[in-house]
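Structure record follows, encoded as structure tokens.
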Amino acid sequence: MLIIETLPLLRQHIRRLRQEGKRVALVPTMGNLHDGHMKLVDEAKARADVVIVSIFVNPMQFDRPDDLVRYPRTLQEDCEKLNKRKVDYVFAPAVEEIYPHGLEGQTYVDVPGLSTMLEGASRPGHFRGVSTIVSKLFNLIQPDIACFGEKDFQQLALIRKMVADMSYDIEIVGVPIIRAKDGLALSSRNAYLTAEQRKIAPGLYNVMNSIAEKLIAGNRELQEIIAIAEQELNEKGFRADDIQIRDADTLLELTETSKRAVILAAAWLGQARLIDNQSVTLAQ
């Protein structure tokens, strides 16, 4: 496994891979890797000749400076995990390599609508940062496929739209959420949880299951369902942030013709803002 930190060296290897006709898969990450990331790697390995994992804590997508500062950085441990998984390349650039002139005045990629709705409304600028860095990685690495986790449901929808709108010839693969045995979705931010909070954390998944059962049963009193869910979360020790029930295919409000719903949940537990989602097939 080769660790690449500079753009010239990356471009050199990408040119060689293209000349050799290799099928390249990209797994973009911010590091602090867990089993969910490893599932992305496994999916990439099954679909391509060469797997490149990027590790870059992207300052452009953080809406709070304190969150950027304390985001876990575990490059050595991450590389050890990826080496065991027989990843071919790790691209781990410094911030100055990606943004040599700083963020002020940086050209950015914005995806209208999806960037500012739902999660984007509560985290201004976040998705603009995501689409910009992913676009830069696509331009640099020129992958045939790229793997993203379905845990970040809105992010995956945003990337798919960006790829379509910008005419990238890249297959976007969504990989299902990986959960702990108690249902908690794996996330780098779980590291912020204390031992006591970790015991409480699966409550978010349980509340989503309760919402799903109501939707499957035909209940469409969405505001009432959401209000009850928020109350349940607060009683469990969370601070409910945002719960939405949307059309899974458009992320717009549910209509009578919606075939699938997605429950999008975000809640604070101590210093950790946990997000999760669950899709439900609706009775027609």
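From the backbone N, Cα and C atoms, a Cβ is placed for every residue, glycine too.
Going by Swiss-Prot, these are the annotated features:
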- H37: active site, proton donor (ACT_SITE)
- 30-37, 149-152, I178, 186-189: ATP binding site (BINDING)
- Q61, Q155: (R)-pantoate binding site (BINDING)
- Q61: beta-alanine binding site (BINDING)
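Note on H37 (active site, proton donor): other Cβ atoms within 10 Å of its Cβ, all shown chains, come to 26. Recorded residues Q155 ((R)-pantoate binding site) and L33 (ATP binding site) have their alpha carbons 18 Å apart, per Cα-Cα distance. Residue density at M30 (ATP binding site): 19 other Cβ atoms are found within 10 A of its Cβ, drawing on all protein chains shown. Ranking the binding-site residues L33, I178 by how many other Cβ atoms lie within 10 angstroms of each Cβ puts I178 at the bottom. Cα of Q61 ((R)-pantoate binding site) to Cα of M30 (ATP binding site): a distance of 11 Å. You'll find the Cα of E150 (ATP binding site) roughly 11 Å from the Cα of the residue listed as 'active site, proton donor'. The separation of H37 (active site, proton donor) from S188 (ATP binding site), Cα to Cα, is 10 Å.
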